[in-house]
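Novice: Below you will find the structure I want to go over with you.
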Amino acid sequence: MVPAWLWLLCVSVPQALPKAQPAELSVEVPENYGGNFPLYLTKLPLPREGAEGQIVLSGDSGKATEGPFAMDPDSGFLLVTRALDREEQAEYQLQVTLEMQDGHVLWGPQPVLVHVKDENDQVPHFSQAIYRARLSRGTRPGIPFLFLEASDRDEPGTANSDLRFHILSQAPAQPSPDMFQLEPRLGALALSPKGSTSLDHALERTYQLLVQVKDMGDQASGHQATATVEVSIIESTWVSLEPIHLAENLKVLYPHHMAQVHWSGGDVHYHLESHPPGPFEVNAEGNLYVTRELDREAQAEYLLQVRAQNSHGEDYAAPLELHVLVMDENDNVPICPPRDPTVSIPELSPPGTEVTRLSAEDADAPGSPNSHVVYQLLSPEPEDGVEGRAFQVDPTSGSVTLGVLPLRAGQNILLLVLAMDLAGAEGGFSSTCEVEVAVTDINDHAPEFITSQIGPISLPEDVEPGTLVAMLTAIDADLEPAFRLMDFAIERGDTEGTFGLDWEPDSGHVRLRLCKNLSYEAAPSHEVVVVVQSVAKLVGPGPGPGATATVTVLVERVMPPPKLDQESYEASVPISAPAGSFLLTIQPSDPISRTLRFSLVNDSEGWLCIEKFSGEVHTAQSLQGAQPGDTYTVLVEAQDTDEPRLSASAPLVIHFLKAPPAPALTLAPVPSQYLCTPRQDHGLIVSGPSKDPDLASGHGPYSFTLGPNPTVQRDWRLQTLNGSHAYLTLALHWVEPREHIIPVVVSHNAQMWQLLVRVIVCRCNVEGQCMRKVGRMKGMPTKLSAVGILVGTLVAIGIFLILIFTHWTMSRKKDPDQPADSVPLKATV
């Protein structure tokens, strides 16, 4: 038993699947069929098992049709019931189905296309019975000036609707019966070549043409119709126009009318072409317009071609040419040329040398004032108080030349030149042109030394070759590095090649070096003259005095360093030795040939001192703090007095001894002597006790020091001469004149003596002799007696003068009338 679900699936699947669409059937029925009806057209492939169904014939919309078609249910034929008119309907779209009473489709739909076959049952018709046309003289032959229109309702594309046009007659037939030609297929009426030549001689008249249209193409049979064409011959108005001048930047309402053309013939269409393309247009009446402002600088002239054409775009005649000239106005600024790279001008170029030539472009009309450009130099301006300028500009040519003011190398000058149109007149435009000028350097400066005299330079004769003697520096005022390259040479003063030069190629510094050994005996001095010159060729005046420099070299004699008689020295001293105690004498190994100056180094305690020239070493102070058995080391340095740089040194070791028992200080009187104050250049010799047999206990040497009294040490100075004598002088410039007793301590080994030196300090005369104060001499007047004598003498003189004047007065009273010169003088007693 089959399941219910499987049976339902089998039933529903065929209904769900789409049915195949039957192919369309095409049936042709002749138009205006004259036979019996109904006319069986075709048998449809109906199914056999569909006898129970109903055949339904419908139109292309699916609705049942009541037209001239029907279905024979018995035979299954499609039939037409009456004649069909193709011009009424050319095709019928039908579909046939087999349906149940409830509308269920058992078969179909079957599409059927019924085409009505055309037959020549229509007569062609002209669109007009009478055509009127105007023909202008000058129309080209073969160019249609009238198109005849005719129609045929038969099926298009068949011979039934294939029309042909013909001219049947022309009236009048003069001057030629074939004045016109008619294109058979298009119906285009044109002037024939013969008519074109005859038309010029023909009078202005109207021609009537009888034209025919026939269907069936070129077959002899067919339907036909006729019409009349009236052609009026008129004079040509297609004449050239004068050039049109339009101002650029014209401020009017656009489009702006500028001209008009006219083709006197009929059916004309105007076409405008602009060369180059421009803002122009033409309307149907032949009016020419400009549609916007013109720019002469963009396009100065246009060539317009206006064509008169028929409806098919064919020219009736040659196109008219119209020249449109754009008139210039001053609406453009002079444009300076692009700024070139910097223009280089050598310094010292003569006046009039052309620097550059400016050529400003003005886009206005060439040759007109609008484009007439002149030039004016704006910068640099003339300097105050200076005549002339460094640059000049020719106003017409724009040539920039050098002026009378000189230029300096290294200058970078920006020239500002004003370019003006309208020849500089008021109201014109202007631009500022820039020209950068660089003044290049030339080799017009000779190098010179900054110092012409160097030295004297001292060199020891043992200096090594290669030693730098001097560094010379030369400068060159030129700016170009190639012009600053220098060559150096020794011009004179070095015949033996003792010296040499070395320098860097791009440097102005040259080193004078020693090449050979110096010899003081051969040449104690040298004067080396060094010359400098430019490597590049010099322009202008040659080198001056500064191109040479003189180096003076002094050769120093080399002295061997001094040498002491010992490599080291030692001395012993009791720790109780007083200041000034003699220790030892430092001597050179060759004391005759050179003089040395001695000094102590590293005397940190300050216990010792050394005589500069004698080399005697003494204690400078008491040896406080020294212990017996200790040593004290200092360095003795000896310098050559003539060559301080030459020196020698040796260590001095002092051994401290135990102090011996202090002996009694013995006073030894010394005879008095005198010294002058203010101090003069002499002193007193103090002898040691060795000359006094009572004080001497042995032979020298002795050491001499002043006593410990601070006043004595301030006022007096004691200098040891040798081992037995000392020299006493004043330490101050002024010491009170009187007798002074100076204690001098003399020591020898462990013994000490004190000498009392009596010194009379006095004023001295010019001969250095002492002037002493003396007492009152016997019989010498006193001061009081001297004053009394002086007063008595003065009183006696006064009394005597009074007596003389009294006597003279009395003598004048005795003889008053006698002249004074007649009175004899009286002798006076």
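Every residue gets a Cβ built from N, Cα and C, even glycine.
According to Swiss-Prot, the protein carries these features:
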DOMAIN    25-126  domain 'Cadherin 1'
DOMAIN    455-564  domain 'Cadherin 5'
CARBOHYD  Asn517  N-linked glycosylation site
DOMAIN    569-665  domain 'Cadherin 6'
CARBOHYD  Asn602  N-linked glycosylation site
REGION    666-786  region 'Ectodomain G'
CARBOHYD  Asn722  N-linked glycosylation site
TRANSMEM  787-807  transmembrane segment
TOPO_DOM  808-829  topological domain 'Cytoplasmic'
Novice: Residues with Cβ closer than 8 Å to the Cβ of Asn722 (N-linked glycosylation site), same chain and 6+ apart in sequence?
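Specialist: Non-local contacts for Asn722 (N-linked glycosylation site): Pro701.
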Novice: Could you pull the average pLDDT for the topological domain 'Cytoplasmic' (808-829)?
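Specialist: Taking every residue in the topological domain 'Cytoplasmic' (808-829) and averaging pLDDT yields 52.
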Novice: What does the DSSP secondary structure composition of the domain 'Cadherin 5' (455-564) look like, as residue counts for helix, strand and coil?
Specialist: 7 helix, 52 strand, 51 coil
Novice: When a 10 Å sphere is centred on the Cβ of Asn517 (N-linked glycosylation site), how many other Cβ atoms does it contain?
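Specialist: Taking all protein chains shown, Asn517 (N-linked glycosylation site) has 12 Cβ neighbours within 10 Å.
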Novice: Can you tell me how far the Cα of Asn602 (N-linked glycosylation site) sits from the Cα of Asn517 (N-linked glycosylation site), in Å?
Specialist: 39
Novice: Using DSSP, what's the helix, strand and coil tally for the domain 'Cadherin 6' (569-665)?
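Specialist: Looking at the domain 'Cadherin 6' (569-665) with DSSP, the answer is 0 helix, 45 strand, 52 coil.
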